[in-house]
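Written out below as structure tokens is the structure these notes cover.
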Amino acid sequence: FFRFIAKPCAINLGIQDSGPHRAQPNAILEKVFTSITKSPDGKRLEGLSKQLDWDVRKIQRWFRHRRNQDKPTTLTKFCESMWRFTFYLSIFFYGIRFLWTAPWFWDTRQCWYNYPFQPLTSRLYYYYILELAFYWSLMFSQFTDIKRKDFLIMFVHHLATIGLITFSYMNNMVRVGTLVLCLHDASDFLLEAAKLANYAKYQRLCDAFFMLFGVVFIVTRLGIYPFWILNTTLFESWELIGPYPSWWLFNGLLVTLQILHIIWSYLIIRTAYKALMRGKVSKDDRSDVESSSEEEDATSNSTKGVFSTSSNGSNRVNGHVASGQWTEE
């Protein structure tokens, strides 16, 4: 997919396979970077400044460039986002087409009639197995990709998702499981579309996709999910089939997802607010490429004896990011 579809599309959009500015070779700083620390404190910066006869700002800039040069290129990030966009969009329309004729899509109580003696059709099976395979791939790739500040929260999200898919399949709760999967896929492809637009430098299109993503995310995760999904798993299932041991684990995982939804919704709203104040979607709150403005702030503080690298922000939104400067993601 990367070689024959995503990369040609990126090249046609003018995206070059070039990474961040590379740091100039320096044996002393390289040794500190690889053996001691990638973000030296004020005392070490002062020592390196005297040893190399370099300005502190220049040393900070070198470390910033050195950290950034190991990050993936814009072309690589475009290809990854295009793959996720293609999958999310395809699986969402597959799910909608499948569920449109399913009785439990229109009446959630159908999820529990005759449970657990409900047939597993081939279309339902493939829907489940595709989703499970994709989330396992996200779980594994998280350890090989650049680690971000939201690593733990995404790890919990992937664990909860894989646990829910596997557990619901083993217990034949696939009907309500399809509703959960389709609802989550409804907003994910919009976020990836925003990233693609930003990588291609279509900022207005990026902002529009992100705002649309924010609206769909909040409506589906804070509105439809608790009042449609949690209502049937917590109350309708209890009423129709009664409590059972696995009921607690199943609903515990679903409630864990709802907690993550609340956290991500807060981040989206915060980013949208910043966007309205600044006139465009702001820098990625969990960016893995540091900006020069951050370095300047840290440098100005150094005159007061403070030598600290400023934070890149906080968190990601459902696997994904709460902002629009996707080139810095």
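Using N, Cα and C of the backbone, Cβ positions are placed for all residues, glycine too.
Per TrEMBL, the feature domain 'Homeobox' maps to 29-73. In the domain 'Homeobox' (29-73), the DSSP tally of helix, strand and coil residues is 31 helix, 0 strand, 14 coil.
Under the heading DNA-binding region, TrEMBL lists 31-74. The average pLDDT for the DNA-binding region (31-74) in the predicted structure is 81.
What TrEMBL records for 76-277 is domain 'TLC'.
Among the features that TrEMBL reports, transmembrane segment is placed at 85-105 (among others). Counting same-chain residues at least six beyond the ends of the transmembrane segment (85-105), those with a Cβ under 8 angstroms from any Cβ of the stretch are 1, 5, 111, 123-124, 127, 130-131, 134, 175-176, 178-179, 181-182, 185-186, 188-189, 192-193, 195-196.
Feature annotation from TrEMBL assigns transmembrane segment to 125-144 (among others).
According to TrEMBL, the feature transmembrane segment maps to 151-170 (among others).
Among the features that TrEMBL reports, transmembrane segment is placed at 209-228 (among others).
Sequence annotations record features per position, and here TrEMBL assigns transmembrane segment to 248-269 (among others).
Positions annotated as region 'Disordered' by TrEMBL: 284-329.
Residues or ranges marked as compositional bias 'Polar residues' by TrEMBL: 303-317.
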